[in-house]
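A short write-up of the structure that comes next.
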Amino acid sequence: MADGWDAEKIFNTTVFGFTYDDLILMPGHIDFGVNDVDLSTRITRNLHVRTPIVSSPMDTVTEHRMAIGCALMGGMGVIHNNMETARQVAEVQKVKRYENGFILDPFVLRPSDSVADVYRIKEKYGYSSVPITDTGMLGGKLLGIVTSRDIDFLTDVHTPLSEVMTSDLVVGHEPVQLAEANELLRESKKGKLPIVNDNFELVALISRNDLKKNREFPLASKDSNKQLLVGAAVSTKPHDIERAKALQEAGADVLVVDSSQGDSIYQVDLVKRLKAAFPELQIIGGNVVTARQAKSLIDAGVDGLRIGMGSGSICTTQVVCAVGRAQATAVYHVCKYAREHGDVPCIADGGIQNSGHVMKALALGANAVMMGSMLAGTEEAPGEYYFHNGVRVKTYRGMGSLDAMRAGTRRTASPPARGLRSPEASPSTAASSGGASRASALSEASPSAKSEASRTSTSTGSAARYFAENQTIRVAQGVSGCVVDKGTVMQLIPYVIQGVKHGMQDIGARTLRDLHAQLVGGELRFDVRSGAAQREGDVHDLHSFERKLYA
């Protein structure tokens, strides 16, 4: 047929590897509007999002602000691990605390505590409303609540809270559904609604701010408790078991095992041990570019795969090590294998430069894409803006760059514990009742973990990703640079998604399930483009022009 070629023919009858720009999709029949396109997808076996975008766990891309922004837009962020465990845990908790259903671990104080304690909580964590119980802990008898209105004009910060708290309270009584509690909160016109049991003991809290966020961000990715989804990266080092345990207890919805070459005994053993300790914890393995690599990780029990090796804009693995694969070819073959062996979701990681690349990655079988360079330079990315040759930019670097390896700090074995009433302690959700048995499962070192003991605990997450922690000479597999200011992800992600929706409409696929069905059935057609065809398909023959991403 002259109307293009199916993917099977393109990828299995040539010795060449293809990138996204080498391919173009053939149009289909349009019988629906662009607003009818649904991009809901899975990023692991059990984790669903409404936008197929995940931010990369890089130290110049994803910390809590980026993770919050991505989740509000319907995707998810993955907190990088080029930092101490305690700090990474705190980053995860900031995402989880940004939006809540029932707040099950609120900061709580006693009547004898002072106004200064409330100020410390507000300064450190941003919360200005604090329930007051007789014990200063969740589960104590509720006596009142202190809000910013109660203490705004007080000059004596040593004033006991018993003198300023509001004791005439509107409360919800357990058991209560979240919808009922939210309606009660609306009717009360209060900022917070404490939830109590029959003994008037505090069991939870809900916030009016969350009702506003629900209205403003209807696509937001949330867990069963209506908190934003967030992932966190861990390395394959043996002691990162403790990091993984701390992140799981902090509420991370998925752990991403961060390695440039995922088919290693270290990653296989780590995945098996994590699955033994936390059977319900979702784990994304990688990175992989071949079916053989994918098989190793799927057999180990991963719930999702990252695809890509050397295709990122700041990655030099293919040049330095001569190992990797063209990204479009890697995505097609790995996704095909994963689909046929357990239907494991795949994330295309690397090489994404525009919304068209996102569309092509999804069309080749990916369930979502992971973005680094496209999100770097946004307001939510870590780092400060500066001017380079008159252009406002932010630093962006590969995790294999020497700068990233040097930037890592010494890891701590575990984060500090947090008492529910202590304003100075790090916030965390309570550990589950099965914690002791899980900890013992984690502490049993596997043979390969013992053989890896020489991988010292002082190395950085970045160095561990490239197996370079204990090397006298570190070979960079990435570079450091800068990217232009892109504004906020609150505008960038909707622009990208709208472009993808138009692409879906053009080929006649309402959902990603429809798109993948067309791919498997051969109805989805592609052409391979020559260099001249690629130039023709972009802006050309103009004296000058201005390329704007969105209006």
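Counting begins at 1 with the first residue displayed.
Here the Cβ of each residue, glycine as well, is placed from N, Cα and C on the backbone.
According to Swiss-Prot, the features are:
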- C315: active site, thioimidate intermediate (ACT_SITE)
- R465: active site, proton acceptor (ACT_SITE)
- D258, S259, S260, G308, M309, G310: NAD(+) binding site (BINDING)
- G310, G312, C315, E536, G537: K(+) binding site (BINDING)
- S313, D349, G350, G351, G372, S373, Y396, R397, G398, M399, G400, Q477: IMP binding site (BINDING)
- 422-462: compositional bias 'Low complexity' (COMPBIAS)
- 102-163: domain 'CBS 1' (DOMAIN)
- 165-221: domain 'CBS 2' (DOMAIN)
- 407-462: region 'Disordered' (REGION)
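In sequence order, the binding-site residues near M309 (NAD(+) binding site) (Cα within 10 Å of its Cα) amount to none of Y396, E536, G537. Taking CA atoms as the reference points, S313 (IMP binding site) and S260 (NAD(+) binding site) are 14 Å apart. Across the structure, G372 (IMP binding site) and C315 (active site, thioimidate intermediate) are spaced 11 Å apart at their Cα atoms. Under DSSP, the residues of the domain 'CBS 1' (102-163) split into helix, strand and coil as follows: 18 helix, 14 strand, 30 coil.
Between the alpha carbons (Cα) of G312 (K(+) binding site) and G398 (IMP binding site) lies a span of roughly 8 Å. Listed in sequence order, the binding-site residues from S259, G350, Y396, G398, G400 having a Cα within 10 Å of the Cα of C315 (active site, thioimidate intermediate) are G350, G398, G400. S313 (IMP binding site) has a Cβ environment of 18 other Cβ atoms inside 10 Å. Note: the CA-CA distance between G398 (IMP binding site) and G308 (NAD(+) binding site) rounds to 14 Å. Here S259 (NAD(+) binding site) is compared against the binding-site residues G350, Y396, G400, E536, G537, and the shortest C-alpha distance is to G400. Annotation note: E536 (K(+) binding site) sits in a helical segment as assigned by DSSP.
Here the domain 'CBS 2' (165-221) has, by DSSP, the following mix of helix, strand and coil residues: 20 helix, 15 strand, 22 coil.
When secondary structure is read from DSSP and collapsed to three states, Y396 (IMP binding site) falls in the strand class. Nearest in space to S260 (NAD(+) binding site), taking C-alpha to C-alpha distance over the binding-site residues G350, G400, G537, is G400.
Largest Cα to Cα distance within the recorded IMP binders S313, D349, G350, G351, G372, S373, Y396, R397, G398, M399, G400, Q477: about 16 Å as a whole number. Cβ neighbour count for G350 (IMP binding site) (all protein chains, 10 Å cutoff from its Cβ): 28. Annotation for the binding-site residues G310, G398, G537: lowest Cβ count within 10 Å of the residue's own Cβ, G537.
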